[in-house]
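Remarks on the structure that follows.
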Amino acid sequence: MHASFSRSEYRFSLAGLLLAAAMTTAAHADTAPPVTLDRAPFGTMADGQVVERFTMANRHGMRVQVMTYGATITAIDAPDARGHVADVVLGFPTLVGYTRDSAHGGLFFGATVGRVANRIANGTFVLDGQTYHIPRTEGTNALHGGRRGFDKHVWTVENAGTTANGASVTLKLVSPNGDEGFPGTLTTHVTFSLNDSNELSLHYVATTDRPTVVNLTNHSYFNLNGEGSGSIENEMLQVNADSFTPIDAKSVPLGTVAPVAGTALDFRTPHRIGERLRNTDPQMMYPHGYDQNWIVNSQLSPTPVPAAHLWDPASGRVLDVLTTQPGLQVYTSNSLDGRYAGPSGHTYRQTDAVALETQHYPDSPNHPAFPGIELKPGQTYNETTLYRLGVQPVPPHHP
C-alpha cells in the first residue's frame, strides 16, 4: 500500500526539509573555523629536503601562503574596494623561483631575514671585547645575515592549527654557534597568524645559549594594486616617524639621528611614493630611491604601535603596519632589474613594490647609542609585527 500526500501536505513537507537544511547549514557555519588552514608539499630542495606550504584563508577573501623555505610569505590575497581579490606581494609560482633567486645572492622575496637583518658595516662588530666577522655580501657590508642567512634555510614546523580566533603556523630554526660568523646557538620561532579581521600577525621569539646579536624582519614586497600591476609610485604612504638615521654612500647609518622635516623622507602626512623618489638629496641618491630607516614614534612599545599606512587609490586597498620594533626600513625595490618574473608573468623592475621592514636600526652593533640588539642567555627576543588589510573608496577619477 502506497501513502499519498495532498498538495498542501507536500508543500509543508518540502518547507520542512528546506528549513532543516538551512538550520544544518547555519549550525555548520557557527561551528566552522573563521580561518581555514591547508598544508601541502611545495617542492624539494637539491639535498632532498621537502618544502611545505601552508595556506590560511578567512571568510572575507584574505588568504596568506607561507612556506618552510626561508619562513617565507609567498602570497597575500586580499579583496579591493570592488570585491576583486588579488595577490598584493611579489613572489614566484614555484620553489625553483625562490631557490634560483637565492643562488644569485637573493632579493629576499617575502623571507624571514636574520640572524641580523639589514647592514653591518665592513661585516664586523665587537661583542664583549671579541671581534666577529660576518661574510660581506653587499660590497663591504654584510647584508641580511651573511651568505646563507635565515632566508636560505628550510625551517621545521613546530605547530600548525586553527582556533576560534583564526589560524597560525609556527616555524622553527636552530642556528648553531658560528653560523655565518655569529656567536651562540640561536633558536628562533616565527608564528604567522591570520584572523577573520584581515590581520596577519608575525610573532618572533628567539633564545640563545651565549651572548649574541639578533635583529629579525620580514622582507615582503607589497604592491596593493596587485602583483604584476606595475609601479607603486602612485600609492600613498604615511610613516609614523619624526626622525630617521642618515646613511653614508654605502647605505650604512652614520650613527646620528635627524628630523624628517624638510626632507624627501617626510611622510608624517600621506604622500605619493613617487613624488620625491628622484630627489637629488644624497640620502635619496645613495640607494637610488627609498632604502632608509625611520625611527618609529612611540618606539619600544610592548604592544604594536602604528608604523606605516599605505593606500592604493586605484584599487582602494589599504595596508596598516603596526609593530613593537623601533625602526622601519622603507625600500622601493631598487634592486629589481628585470631578471625575474612573477606568477602573472610580469617582469619585476624598480618601484614595482615597496618593502616595509620592521626592525632594529641597521648596523646597531656598531652604534652604542642605537637601541641594542644583544641577546644574552636567559633573555628572550620577543617582537611582533601586524599587517592589517582593508579598503577605502576609490576616488571618482580612477576607473
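Cβ from N, Cα, C; glycine included.
For the beta-D-galactose site, TrEMBL lists N118, R119, H219, S220, Y221; matching the candidates D77, D266, D281, D291 against that entry yields D291. In sequence order, F108, F109, G110, A111, T112, V113, H144, D151, A355, E357 constitute the residues six or more apart from H219 (active site, proton donor) in its chain with CB-CB distances below 8 Å. The number of other CB atoms found within 10 A of the CB of S220 (beta-D-galactose binding site), across every protein chain shown, is 26. When Cβ atoms from all protein chains are considered, those within 10 Å of Y221 (beta-D-galactose binding site) total 26, not counting its own.
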